[in-house]
Amino acid sequence: MTITAPPKDEIISKFPGSEPLLNFYNELSDAEKSKLFHQISTLNLSEAHQWFIDSADQRAPSTAEDLKPVLDSQHFVQAELHQVILDGLWNKGMDAIGRGEVCAIVLAGGQATRLGSSQPKGTIPLGINASFGDSLLGIQAAKIALLQALAGEREHQNPGKIHWAVMTSPGTEEATREHVKKLAAHHGFDFDEQITIFSQDEIAAYDEQGNFLLGTKGSVVAAPNGNGGLYSAISAHLPRLRAKGIKYFHVYCVDNILCKVADPHFIGFAISNEADVATKCVPKQKGELVGSVCLDRGLPRVVEYSELGAELAEQKTPDGKYLFGAGSIANHFFTMDFMDRVCSPSSRLPYHRAHKKISYVNEQGTIVKPEKPNGIKLEQFIFDVFELSKRFFIWEVARNEEFSPLKNAQSVGTDCLSTCQRDLSNVNKLWLERVQAKVTATEKPIYLKTIVSYNGENLQELRHREISDSALESDHSINKFFVV
């Protein structure tokens, strides 16, 4: 039902600061007026003005003396742990899954604009699986289904379910919901009981002076409020999730094709250390611009490369590792109690400024497409809550096995579809080598079915078998394991 928009003067009176957004109000159709009025009434313009002011008043810049690596007692490297310890962590994580205590939250609000698509990034075809679930969300749904099956097979283990919470944005919610519904039906998930879909807020964009911008004569320029928008967006759902028995959250970005959703090792590690917050990281590479997980004035924080500076960023330890080498990959563990605390209205995160090129309608009604940054979008960062942690830990994993994001168009050549396909194939080959299968296939990538193996298990039947192009095409005892 369309809401009838009130007169222009009434809107200005009710929503201070909205007057410049109504310059062309009298030229709009009734439907366009209603749409603009709805947008103005939901963007919280009065608070947005204050957010812009506050975003310029951030903490004092950190100095080299302020920044220290996270203590060794809080930083564990998975590859350095004995298999017996890893098995124990896996079992502890699987126990939590079996009891239905784990919720996986995927941050899926982004569109695949850089990839040349208007679809949500989590739904675009990957060119890997021709049958079903050929998307990032499809791979992740299959991993959840497999973990649930593995939990159900364990002796004395309840067949627990992993709750899947999907954070979208206003521009991606409808398409993402339909995609996830199909995945849920395919894997036997109860969509209403096991899946929560919720949308992060949008915030108006600004020019450099803090004025709001029109994208068209009848719409305000607005954008999702960053991955830190998770906390305000999910807060209303926490009581229901707690009532379901959820105690632990695994939060991850949709674009990482190698993400181990609800990773039992990671969850078991965090539970064993009584962590309220834990984060996965990978060793940083030379010149890499990802943030570093470190201590800033004694509190855990992710510090951007630009803030570290080249000298600190390149500093090494006696054993040749980067001193600030814990590269953040936006992959986190939180307890329910911690989420309750940081999602309360009194724990609002700060906004950070991002200078962007923003197309807008000028006072003459002409659309302006700038060639350089001309405006500001505000974002909240998911990791800004780290400093509120009472027991913070890092879980360092192998980049080649757990981190390959899909961010760029194919023409860029890095973090693009072909590198994701390559890295997924390489992980699958690594698993096959560990069971001493002989991989001789060379014509195409090797993709194990996601539902077959989560972490290289269930592949003993392929021990000493030759994985060749012909075997993948015609030998059912082999090709039943693979996407062919």
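Any Cβ shown, glycine's included, is placed from N, Cα and C.
The UTP binding site feature in Swiss-Prot is assigned to L107, A108, G109, G110, K121, Q200, G226, D255, K377; the stated evidence is similarity to another entry. Per Swiss-Prot, the feature substrate binding site maps to N227, K407. Annotated motif 'Substrate binding' per Swiss-Prot: 107-110, in sequence order, evidence recorded as similarity to another entry.
When other Cβ atoms within 10 Å of the Cβ of L107 (UTP binding site) are tallied across all protein chains shown, the result is 24. Largest Cα to Cα distance within the recorded UTP binders L107, A108, G109, G110, K121, Q200, G226, D255, K377: about 22 Å as a whole number. In terms of DSSP helix, strand and coil, the motif 'Substrate binding' (107-110) has 0 helix, 1 strand, 3 coil. Neighbour counts were taken at the CB atom with a 10 A radius for the binding-site residues K121, K377, K407; the maximum falls on K121. Fewest Cβ neighbours within 10 Å among the binding-site residues G109, G226: that distinction goes to G226. Cβ neighbours within 10 Å of N227 (substrate binding site), excluding its own Cβ and spanning all shown chains: 20. Cα of N227 (substrate binding site) to Cα of L107 (UTP binding site): a distance of 7 Å.
Rounded to the nearest whole angstrom, the C-alpha distance between G226 (UTP binding site) and K407 (substrate binding site) is 16.
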